[in-house]
Amino acid sequence: MELCSGGSVADRILADGACSERDAARMVRALLEALAYAHDLGVVHRDVKIDNCLLVFNSPESPIKLVDWGYAAFLEPGGKLHKLCGTCYYLAPEVLAGCYDEKADVWSAGVTLYALLAGRLPFQGGSQAEVMQAIRSEETGLPDMTGEPWAGVGEAAKAAVAAMLTRDPARRPSAREMLAHPWLAAEGGGATAAAAAAEPELLHRIEAFSQMERLKQHAALYIARHLPSDQIRGLAVLFESLHAAGRTVIDAAALREALAARGGAALPGDGELSALLDAADLHGLGGLDLAEFLAAALHSSRLGEEANMLAAFKHFVRNGDGVITAPELAAALAEGSPGCAQPPSLEEAAAIIAAVDGDGDGTVDWKEFKRMMRADHPIGACAAAARISLDRHSSCGYYDLY
């Protein structure tokens, strides 16, 4: 873990009081970039607060890092989470109601922004029960933004707070949508170091994809291409932010440069990173194109969904006999790989089938295909680091900010 010598943003607020608008915008933009990056990967933080925003070094201009992913959880597109966890003062109303998604992180970021601008938290009470009642109550409305220090805060900043603290999560902007808010957009574009908190998960997924059997990789590619656009939009935006200008693929150099610019932890060596991308480069274009990136970045649970597996299996079975043969696979892969440097040969298709052909009959039936799609695959050091940072689930609860 990288040392953040500047302490927490909470310590700074306790020492100095409210932040300037400029500093608050810079820090919250960094926080939202981290959340947008995580949400694109299907990860919900669930404990966003100023205590978990650390200053990399002791300076007003220090970049920040979003830390403590112990409550983080994976969320399917359109899915909901139900466990009550996080920190009392920052909980969104829908978290208290027991049915929420990634928009709950945006609410918590809004509480954080309020605290940065006002030097105090927006929802108060003499006990946890009173605080949660204030958050739940429609009568509470927006927290007070009159008097000091709000008299010196611009209307655009107040509008950003109001947007993030919209009670209806369906009307609340996403983290990525908030980055386009005029007050935050004026702070400046580009990824920041905070987004690197979710970086290990992307590397983890690329590594896991690179180690899959080739047939599973191609099945994932088919699934990714046929998911509804709203389910892969975030990953498509992420792809655009990572590949070099003027190129249509992400190669090792572009990925290293983009992730290094986010200020993350140590990346794999040049040889290791190149090897990962080579193993995931199904089309032989010298890097990951959009379809390959989507296939690699999808959460593994999407591959094991019955409907997705069946659609991919039927794509490879061409004559209706219920098994995938080498000629069928070669035809399907050639058809599904426009622009491929060299479509797979019949011999290569046979080798792909042999790798998962459990009974040795030269074909892959539905049972073998399903077993392959739901099998776990070995992972290396990159994935282990990602597990520590993002797959760690703590027991549910909440605790106070003192």
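Glycine is treated like the rest: Cβ placed from N, Cα and C.
Whatever TrEMBL says is automated annotation, not expert-curated.
Keep in mind it's a predicted model, so treat the numbers as computed, not measured.
Annotation comment: TrEMBL describes 1-184 as domain 'Protein kinase'. If you take every residue in the domain 'Protein kinase' (1-184) and average the pLDDT, you get 88.
According to TrEMBL, the feature domain 'EF-hand' maps to 304-339 (among others). Taking H, G and I as helix, E and B as strand and the rest as coil, DSSP gives the domain 'EF-hand' (304-339) the counts 21 helix, 2 strand, 13 coil.
Per TrEMBL, domain 'EF-hand' is recorded for 344-379 (among others). With a threshold of 8 Å between CB atoms, the same-chain residues lying at least 6 positions outside the domain 'EF-hand' (344-379) that come near it are 204, 207-208, 211-216, 218-219, 303-304, 309, 312-313, 316, 322-327, 329-330, 333-334, 337.
DSSP labels the residues of the domain 'EF-hand' (344-379) in these numbers: 18 helix, 2 strand, 16 coil. For the domain 'EF-hand' (304-339), same-chain residues at least 6 beyond its ends with a Cβ under 8 Å from one of its own Cβ atoms are 215, 218-219, 221-223, 225-226, 282-283, 285, 289, 345-346, 348-350, 352-353, 362-366, 369-370, 373-374.
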